[in-house]
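**Student:** Encoded as structure tokens, here's the structure I'll be asking about.
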Ligand SMILES: NC(=O)c1ccc[n+]([C@@H]2O[C@H](COP(=O)([O-])OP(=O)(O)OC[C@H]3O[C@@H](n4cnc5c(N)ncnc54)[C@H](O)[C@@H]3O)[C@@H](O)[C@H]2O)c1
């Protein structure tokens, strides 16, 4: 089927971006050459939902090179780089994506991907998997499995499993150690801070920065912000994570308290309305708000709009909300995943690891190595393999336990 993108003439810029990603993806390249070209993907269709930018594009190119027919759409128009979409269409990947499309169209584009009849799905926020179980149920039987990219998507899959409605095998790619330890922590940390700094052109040193949620993403954000001199406060609902933040050197306070003094607020929880009306009412004039979590409702943007007597574009990607008392709150990237809607996503080297994991998850499912419906982890040895390849590309390596050391660990008698 033919792609539907905004403007094919944008392709040259997209090719350059994809080539750059390819050059900086030694792990995915090694995985392609060592594992993916074994014929597994010949004649199979892979349906993909991922933000459309250079790194995700390169993953689809690699799958196509391995013999798969690949169809791709984005979870929404704010995650689409049109030049990359155009370049992909030229490289033989079927793409349904344009930054001009209204957000309500996103599900239609994802359904077009499902209409290719995928054997394997690579998913983001479980978008394709949810549609497969609702509007495209007749295609369920063909799908060998889905691999899920995000923490939020894995949560949705577990909810489906708990309710007994998940009918296909899924792999929580997000929960592979080579994914969350690097992508969620260092990737989100660096790219979220970069996006906020680039779009606001403000300084971070000395600022009171509030991170809501101290999971893997929150830890990375706090670490990068502190490294650039921000004074970081963490808000949590989990007391152990709160204590961890304290031990890492940060203040820990309820969000309502932090709302009164914070200058920059970043949410990374995967939850709903963690910053809401009562927080906005307390915030200082000029406060910057951004969301790095995987759902678009972490910051209650509707409430912000209702409170405001006026809103205007303060800078590209920064919207000002003028409160009745004259205070202005500044929202970066529409309250959506800021490092994607107002940035270039994670660093290439990070996505190289993530997509090596995703490619091997797809390979695992395509080979029917996991056939039980439910949410599964990627086998540990595959995770280890990816880390081993990465260390090799860095000219580094780790030791192996000797048989005597293994025996010592297995034995309980003195
Ligand atoms: N921006 C990106 O590129 C990117 C990358 C990876 C993951 N994500 C998304 O970021 C979100 C967080 O991912 P993670 O891997 O850090 O998850 P996680 O489960 O490790 O951490 C989430 C943390 O938020 C806390 N939390 C939940 N509700 C809260 C609330 N109301 N107030 C304060 N704290 C609260 C939880 O206790 C937990 O510690 C997810 O939605 C995930 O999909 C985004």
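Heads up, residue numbers simply count up from 1 along the chain you see.
Cβ coordinates are placed from backbone N, Cα and C, and glycine is handled just like the others.
Automatic, uncurated: that is what TrEMBL annotation is.
Not my notes, these are from TrEMBL:
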type: BINDING; residues: 215, 216, 217, 218, 219, 220, 236, 339, 346; note: NAD(+) binding site
type: DOMAIN; residues: 184-345; note: domain 'S-adenosyl-L-homocysteine hydrolase NAD binding'
**Student:** Return the average pLDDT for the domain 'S-adenosyl-L-homocysteine hydrolase NAD binding' (184-345) as a whole number.
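**Tutor:** Summing pLDDT over the domain 'S-adenosyl-L-homocysteine hydrolase NAD binding' (184-345) and dividing by its length gives 97.
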**Student:** List, in sequence order, the same-chain residues at least six positions removed whose CB sits under 8 Å from that of residue 217 (NAD(+) binding site)?
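**Tutor:** 151, 184, 185, 188, 189, 192, 268, 292, 293 - these are the non-local Cβ neighbours of residue 217 (NAD(+) binding site), listed in sequence order.
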**Student:** Long-range neighbours only, meaning 6 or more apart in sequence with Cβ under 8 Å: which ones does residue 236 (NAD(+) binding site) have?
**Tutor:** 213, 214, 242, 245, 252
**Student:** For a quick check of understanding: given the listed NAD(+)-binding residues 215, 216, 217, 218, 219, 220, 236, 339, 346, what is the maximum Cα-Cα distance in angstrom, as an integer?
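**Tutor:** Those residues reach a largest Cα separation of 24 Å.
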**Student:** What is the total of other Cβ atoms whose distance to the Cβ of residue 215 (NAD(+) binding site) is within 10 Å?
**Tutor:** 19
**Student:** Counting across all protein chains present, how many other Cβ atoms fall within 10 Å of the Cβ of residue 219 (NAD(+) binding site)?
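**Tutor:** Excluding its own Cβ, residue 219 (NAD(+) binding site) sees 24 Cβ atoms within 10 Å.
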